[in-house]
Amino acid sequence: MQWWTLLPPVLAIVIAVWKKEVILALFVAIFSAEFLLHQFHPGLGFIATAERLVSVFDSAGNTRILLFSLLVGALLTLMQKSGGVSAFVQWVANKGLANSPRKVGLLPTFMGMFIFIETNLSVLTSGILARNLFDRFNMSRERLAYIIDSTCAPISVIILLNAWGAYVLSLIGDYSLANSNQVLIGSIGLNFYALITLTLVFYTVLSNRVHGPMKHAENRVREDALEVQEPPTRKRYMLVPLFTMIGGIVFFMWFTGYQALAKTTDAAITFSDGLLNGSGSKAVLWGTLSALLVAYLLLKFQQKLKHKTLVSWGFEGMSKLLGLVTTVMLALALGASMKALGTGDFVAQMVSGNMPIWSITPLIFIAAGVISFTTGTSWGTFGILIPIGIPIAQTMGIPPELILAAILGGGVFGDHCSPISDTTIVSSLAAGCDHLDHVKTQLPYALTAGGATIALYLLASLWF
């Protein structure tokens with residue numbers, strides 16, 4: 001392992017900040033990774049870069065993510081152009097449910113906390129419901145993206161009754177722990193990053209105060225002209241497709257999980273078993289397709305819109321997200337290049353050397369953040385670090401709950417800071433803001449929570 005395995009993500013960050021071009025930054029990072037993998041041969045590096053992009057579609061899961069990212073644009077446009085979103089905003093305002101910035105901010109916060117089954121479902125639902133309400137009160141879309149991104153992922157590692165919990169439990173089940181379930185539950189109260197991040201979200205919402213780059217985004221939205229809203233028609237044109245998407249994703253999570261378990265066991269399969277073992281990428285794509293079909297039928301036969309009009313709106317919505325979908329594709333390709341280069345393994349090896357016992361937990365948290373940041377995946381980070389961290393905890397007498405919490409929190413921390421993370425990309429999509437602006441405005445909050453977490457893990461290491 002060599003230090004230069006960190007070069008591609010560093011290049012991506014520098015170019016993204018310098019040129020403010022995420023697509024260019026990701027492409028250069030992929031090329032640099034392939035250049036290194038092919039012994040510094042520029043020609044082979046260029047060819048390998050093209051093939052790496054093609055190989056993204058070798059994975060059915062990746063293809064589903066890209067299709068979903070396009071189709072959700074069509075769905076959002078149908079909801080908006082039909083007047084359903086305007087009708088919903090008007091209804092909420094008339095009922096006094098969102099008559100202040102504080103109430104508007106609480107809507108996506110609570111939605112993100114209550115829909116903890118699937119992260120993308122939580123992010124999309126919160127964003128779709130709140131984006132036009134934020135516009136109404138001159139609150140930036142970047143603030144909305146921050147709220148939903150910094151609520152949904154932390155909740156997923158605190159309320160572990162979801163695929164995250166099942167995945168982590170499968171990883172720690174390979175070690176001779178007294179009780180894996182107790183270790184998992186015990187990590188919740190020690191996941192300082194997730195708890196501090198949620199506290200910062202509530203502070204932002206309840207105080208209606210923003211800081212750093214977020215303040216500039218708020219000032220800009222007050223100066224810019226508001227997005228033109230369609231005349232309100234019926235709120236069902238938004239709510240029926242939205243609830244179809246929510247119900248569809250939950251159903252298909254159970255359905256795919258049931259199918260997977262039925263092939264391996266003859267025992268009775270409960271609804272929760274199905275949910276925990278379901279395919280998130282299949283459920284999100286199929287649920288979005290179901291919602292799009294319902295929206296089409298509703299608008300064609302109830303609002304009497306022409307097929308040609310609806311198809312035109314759908315393609316218009318997809319075209320708005322082509323840049324974001326390209327970013328997702330490049331991020332997936334870069335993640336594969338990073339894995340081949342061994343970036344995550346290099347960072348993990350740096351941490352697993354001989355170090356004082358009091359430094360292990362903070363360094364594990366930092367390593368998880370760096371791996372997640374450079375690879376864009378918190379789940380991949382868990383897969384790399386849990387097999388390293390749990391044995392270290394057992395050998396050195398550190399509570400495994402503490403190490404597990406540091407890995408889970410660090411993975412989410414890196415995710416929040418990374419411009420190539422899938423959750424930051426989906427949050428930008430759901431909120432309807434520029435992806436790089438979302439990363440830039442969220443970063444100070446994530447770094448604040450991360451710094452406080454490192455200090456708390458130092459204290460916890462001395463205490464234990």
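Placed from the backbone N, Cα and C atoms, the Cβ positions cover glycine too.
Where the annotation comes from TrEMBL, it is an automatic prediction and has not been curated.
The transmembrane segment annotation in TrEMBL covers 6-31 (among others).
Taken from TrEMBL, the feature transmembrane segment applies to 65-93 (among others).
Same-chain neighbours of the transmembrane segment (113-134): 68, 72, 76, 79, 85-86, 88-89, 92, 98, 104, 107, 140-141, 143-145, 147-149, 151-153, 155-156, 159, 161-164, 229, 238, 242, 245-246, 249-250, 253, 275, 280, 283-284, 287, 423, 426-427, 429-432, counting only residues six or more beyond its ends whose CB sits under 8 Å from a CB of the stretch. Look at TrEMBL and you will find 113-134 (among others) tagged as transmembrane segment.
Residues or ranges marked as transmembrane segment in TrEMBL: 146-172 (among others).
Residues or ranges marked as domain 'Na+/H+ antiporter NhaC-like C-terminal' in TrEMBL: 151-460.
Summarising the annotation, TrEMBL assigns transmembrane segment to 184-206 (among others).
Taken from TrEMBL, the feature transmembrane segment covers 237-255 (among others).
As annotated by TrEMBL, transmembrane segment applies to 283-301 (among others). Away from its own ends, the transmembrane segment (283-301) comes close to residues 64-65, 67-68, 71-72, 74-75, 78-79, 82, 118, 120-121, 236-237, 240-242, 244-253, 255-256, 307, 310, 314 of its chain (Cβ-Cβ under 8 Å, at least six residues beyond either end).
Sequence-distant contacts of the transmembrane segment (321-342), counting only residues of its own chain at least 6 positions beyond either end whose CB sits under 8 Å from a CB of the stretch, comprise 1, 5, 8-9, 12, 22-23, 26-27, 29-30, 33-34, 36-37, 52-53, 55-56, 59, 62, 65-66, 69-70, 72-73, 374-377, 380, 420-422, 425, 428-429, 435. Sequence annotations record features per position, and here TrEMBL assigns transmembrane segment to 321-342 (among others).
Look at TrEMBL and you will find 362-386 (among others) tagged as transmembrane segment. Residues 6, 9, 153, 164, 167-168, 171-172, 193, 331, 334-335, 338-339, 343-345, 347-348, 350-351, 355, 392, 403-404, 406-415, 417-418, 420-423, 450, 453-454, 457-458, 461 of the same chain, all 6+ positions outside the transmembrane segment (362-386), place their C-beta atoms under 8 angstroms from a C-beta of that stretch.
Among the features that TrEMBL reports, transmembrane segment is placed at 445-463 (among others). Sequence-remote contacts of a segment are chain residues at least 6 beyond its ends whose Cβ falls under 8 Å from one of its Cβ atoms, and for the transmembrane segment (445-463) they are 146, 150, 190, 192-193, 196-197, 200, 204, 214, 357-362, 365-366, 369, 398, 402, 406, 409, 413, 416-417.
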